[in-house]
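Lifted from TrEMBL, the feature list:
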- LYS32: active site, proton acceptor (ACT_SITE)
- TYR260: active site, proton acceptor (ACT_SITE)
- ARG130, MET308: substrate binding site (BINDING)
- 239-366: domain 'Alanine racemase C-terminal' (DOMAIN)
- LYS32: N6-(pyridoxal phosphate)lysine (MOD_RES)
- 372-391: region 'Disordered' (REGION)
Amino acid sequence: MTTAVVDLDAVRHNIRLLRRAAAGARVMAVVKANGFGHGSVEVAGAALAAGASWLGVTSLAEAIELRTAGIRAPILAWLHTPDDVLETALVSDLDLSVSAVRTLESLARAAGRLGRPAAVHLKADTGLSRGGATAGDWPHLLTVAAKLRAAGLITVRGVWSHLANAEDPDDPGLPRQLIAFGHARAEAAAAGLAGHLVHLANSAAVLQLPQARFDLVRPGIAVYGVEPVPGRSFGLRPAMTLESTVILTKRVGPGTGVSYGPDHVVARETTLALVPAGYADGVPRRVAGRAEVAVHGRRVPVVGRIAMDQIVLDVGDLPVRAGDRVVLFGPGDRGEPTVAEWAGWAETNPHEILTGIGPRVRRSYRGRCAGNAISTRSPSRPDECAAMTPS
Ligand SMILES: *Cc1c(COP(=O)(O)O)cnc(C)c1O
């Protein structure tokens, strides 16, 4: 059936490449949304083995899944409500992003109840207008943070922000964000909040904006081997191959309608091949009439409407039979489409294709870290596969 084969050696290669690009800054592997669809625990294990020292996720639930798997590396979670069960974060030794005084106060109460300080990363909004405190709200957030730190209720582990368009180094919004971030850092220092990690860079910024690297970088899509800057290649290796199996073939004549509608009518005698992957598995309906897959090392078109559970290929006169392997996308080095091509056909980004791969698709792991990812042993060699921070 349909399987996402994840090459954990590719993840390790990408992390090593990102570490070199980070030039001394630490690497936080962003494994939100189930590791961009690849499996967060497995990717985290491989990333830590290759020298990443932090993990980044959105929700507390995602962070706790990593802890439950035995991962002890520092984890930052950045989306939670002020009323989330913040005790859980403290007990699980999670770092939380804080953009508002209300969250700080709620964390301080949790810290008081538990008798241990909450580790926070104060987030400045430098122009993205999502998370983070605006320049107007930042001084008050710092004042309250300094007070709670003095009371032993929080530790300020980081000061951070996020870029709106690091993919385009000529975007005039970029220098504006860098200047705003400079002000936010200076104000944090003036408030007496020194000694924390400063972080700003996502994948594109790690690879092409040295001025955005600071102490820690937060690559996401590049960890999975997708090139983040349009038109540039940094040597990343795609980690996922999405493959399936032909379950039925049939010879049909001209005029035969294919799939619902039918939106597609066969022009000449041909072989149709049925593949059990549909939009519930992450094949977007929008790719109808555009998408191709590889079978027998050749590209063939997906024809007709994409159904919930299946697609139909027009394989012409290729001797395709039930049981044959079909590659929807992969690294691209055997002629198969890449996830970037699928993103083009679906008029979206590769992130949406990868995170849209459904729960019915089995994840299978290859490479030296496969099967080891949830080990809690301390690695005895720096590159040993274990979900621990390398010493
Ligand atoms: C998703 C995310 C990242 C990773 O971004 P990429 O562009 O995939 O590298 C980094 N930081 C934050 C805050 C994010 O939400």
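Even glycines carry a Cβ here, placed using N, Cα and C.
Cα spacing between LYS32 (active site, proton acceptor) and ARG130 (substrate binding site): 17 Å, rounded to the nearest whole number.
Fewest other C-beta atoms within 10 Å: among the recorded positions LYS32, ARG130, that description fits ARG130.
Taking Cβ-Cβ distances under 8 Å and a sequence gap of 6 or more within the same chain, the neighbours of MET308 (substrate binding site) are GLY278, TYR279, ALA280. Put simply, TYR260 (active site, proton acceptor) is 41 Å from ARG130 (substrate binding site) when counted between their Cα atoms.
For the domain 'Alanine racemase C-terminal' (239-366), the model's average pLDDT works out to 98. Helix, strand and coil content of the domain 'Alanine racemase C-terminal' (239-366), in residues and according to DSSP, is 19 helix, 47 strand, 62 coil. In this view, TYR260 (active site, proton acceptor) is surrounded by 11 other Cβ atoms within 10 Å of its Cβ, with every protein chain counted.
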